[in-house]
Amino acid sequence: MYIAREASKVWRKVTTEISVEIQLLREKWGLLLAGLIFQYIHGLAARGVHYLHRPGPLLQDLGFMALPELGQDKGYLSESIFTSIFISFVLWTFHPFIYHSKRFYTVLIWRRVLAFLVASQFLRIVTFYSTQLPGPNYHCREGSNLATLPPPKSVLEVLLINFPRGVLFGCGDLIFSSHMIFTLVFVRTYQKYGSKRFIKFLAWFMAVIQSLLIIASRKHYSVDVVVAWYTVNLVVFLVDNKLPEMPDRTNGVPLLPLSTKEKDIRLKDEKDSKLKDEFHKLLNGNHGDPTDRRQRAQMNGRHDEDINHALSEATANGT
């Protein structure tokens with residue numbers, strides 16, 4: 001019975017939140033759809049630059065000198081950290097469907113995240129098409145069959161971007177790292193709207209570890225990671241200042257049904273707030289009907305005029 005009762009409460013929370021988010025989705029669907037479409041455009045651009053890539057000797061890199069090479073069989077380490085960050089962030093953005101302690105709407109926060117991603121990815125496309133560097137990844141080096149793609153046989157071959165193989169084994173889209181774009185956008189978003197200090201510290205720590213593993217795995221040059229760190233942070237800062245601030249749901253009226261205990265707590269808080277307001281009014285002399293205050297002010301004005309008139313007559317009579 002206890003499990004059934006708690007399950008019904010959770011279900012009511014979920015269904016109520018879904019109805020609210022659907023209303024927001026009807027209003028904001030245009031920008032969300034545009035952001036999702038741009039993810040495909042970004043993948044298409046990365047696929048296109050692979051046709052232009054030409055393998056060559058590795059460039060001199062300070063990160064390659066400082067970090068030992070992990071080898072091709074250890075490339076999954078950076079991908080594992082990225083996957084954990086990605087999945088954790090997605091699940092966190094949907095936690096308002098279950099928990100009362102929430103600060104944002106899921107639709108609005110994804111609208112914001114997609115704006116950060118689109119701005120950063122647009123700069124990335126412009127950058128890696130400007131100059132094609134020889135890829136440091138193993139499948140992009142000289143002698144690999146994947147280093148250079150043969151000319152496409154049809155437009156459909158380009159549009160389908162050979163997903164997911166074309167995404168995992170791309171070359172030429174180096175400056176700056178796409179994995180770091182997603183990671184830094186997610187970490188900065190949680191830094192602002194998250195509530196757990198330890199998770200914030202852990203998220204930044206994992207972003208640093210992922211940066212080092214990307215270089216050690218030779219998936220990117222150090223410049224790709226370094227440019228991502230300052231570019232994405234600047235982009236998020238500028239775009240965030242231009243976007244309207246999201247409504248904070250922490251202190252607002254909850255949209256999900258409250259339990260009896262939560263209702264009692266909220267009623268007690270409202271009662272205490274009213275008592276405090278009355279106390280401040282008494283201290284400031286503002287208690288009572290505004291009409292009475294205006295009448296007292298007028299009476300005080302006439303009383304002051306009578307006193308001034310009496311004083312003036314006394315002065316004229318020399319008394």
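Yeah, the Cβs are placed from backbone N, Cα and C, and that goes for glycine too.
Per TrEMBL, the features are:
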TRANSMEM  29-49  transmembrane segment
TRANSMEM  76-97  transmembrane segment
TRANSMEM  109-129  transmembrane segment
TRANSMEM  166-186  transmembrane segment
DOMAIN    170-238  domain 'Sphingomyelin synthase-like'
TRANSMEM  198-215  transmembrane segment
TRANSMEM  221-239  transmembrane segment
REGION    279-319  region 'Disordered'
COMPBIAS  289-308  compositional bias 'Basic and acidic residues'
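Residue counts for the domain 'Sphingomyelin synthase-like' (170-238) under DSSP, helix first, then strand, then coil, are 53 helix, 0 strand, 16 coil.
When Cβ-Cβ distances below 8 Å are used as the criterion, the transmembrane segment (76-97) is approached by residues 13-14, 17-18, 21, 70, 104-106, 109-110, 113, 179, 182-183, 186-187, 189-190, 194, 203, 206-207, 209-210, 213-214, 217, 219, 249 of the same chain, each at least six residues removed from its ends.
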